[in-house]
């Protein structure tokens, strides 16, 4: 049976439907009859307080009850309520009414919690269009990621005597070990080339103006190379593998030119090792870094921002699909984007130091082209 619905006009009422007791505008189905709020309240109070025995009519019970006269004769009004079919047994006493109200509130709260739980459990997964985007980005990464999943078998450890010992009488990371630096420069050109190739496999990147492409690549190159190294951190040997081939220790990377930046990359590697990222997640991180609309000098800011938003949404939905067993996985992973941006900024200032410390002929042309302003 429909319950009382005061406060709004229910959809089951016809437009301008009238109260069967007094003819005023009806508000709903009350105590088995279509009535107005006034007659509903009058009938409820009469029954709850047992007032009807005290009602008396001055005109022999023959009053006409309408919205003007309804308050003039309580007896005739009550008799009409009974005559049209209002049910006394449906009127609750105060204790039952409070219990019913409490039950309604509890049910409402339960529905609210159920809806919230449903939202939490049923996190959206990628749409068909997002799956297409995810596939493009993943294939771009796999095609440009040196050694792929076989990096552990293919890597070669940089000899321990290179770049391992701290430079005498120099602040930590202050001096550059030129032998280690020259080893790193051998792999820097192919590493940069792979980042460029990754970007060029993304249609949305290739559609941007050439000048914007250059700005985006110069901005993200160190960040993406650092990410690719960090996800190849090996806790057993405590090394990172650069460009999928050269395994180096923290000290070697530091003394070979990166200084304190090496600590940030190694710390990121240690942290990411617990995330168990797959190729798609690494690829999407790279795409988010690439499409950073806050790089100075860009002309297509809104377009790039829209691209990044598309990557982020697909990324979040993919994380939902993967169902990582880590609390707050998505926000924690997004923090790594901030860490990588910081690494890129630190490397920019470190590069100036390397220019002072290392002979110009040791710098590969592509290295200078990307990192010089």
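For all residues, glycine too, the Cβ spot is worked out from N, Cα and C.
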**Fill in**
For the L-thyroxine site that Swiss-Prot gives as 243, 347, the extra residue out of 112, 194, 295 is 194
**Asked** With the ranges 1-18, 19-36 to choose from, which does Swiss-Prot describe as region 'Modulating'?
**Response** 1-18
**Message:** If I go by Swiss-Prot, which of 39, 57 binds Zn(2+) 2 at the same site as 63, 73, 76?
**Reply:** 57
**Prompt:** Hey, how far is residue 347 (L-thyroxine binding site) from residue 243 (3,3',5-triiodo-L-thyronine binding site), Cα to Cα, in Å?
**Reply:** 17
**Prompt:** What three-state class does DSSP give residue 76 (Zn(2+) 2 binding site)?
**Reply:** helix
**Complete:** All chains considered, the count of other Cβ atoms within 10 Å of the Cβ of residue 39 (Zn(2+) 1 binding site) is 30
**Prompt:** Using an 8 Å cut-off from the Cβ centroid of 19, 22, 36, 39, can you name the remaining same-chain residues around the Zn(2+) 1 site, in sequence order?
**Reply:** 18, 20, 21, 23, 24, 26, 35, 37, 38, 40, 67, 70
**Complete:** Whole-number Å distance separating the Cα atoms of residue 22 (Zn(2+) 1 binding site) and residue 194 (3,3',5-triiodo-L-thyronine binding site) is 84
**Item:** Number of other Cβ atoms within 10 Å of the Cβ of residue 194 (3,3',5-triiodo-L-thyronine binding site) across all protein chains
**Value:** 20
**Request:** Based on Cα distances to residue 194 (3,3',5-triiodo-L-thyronine binding site), point out the closest of the binding-site residues 19, 57, 63.
**Result:** 19
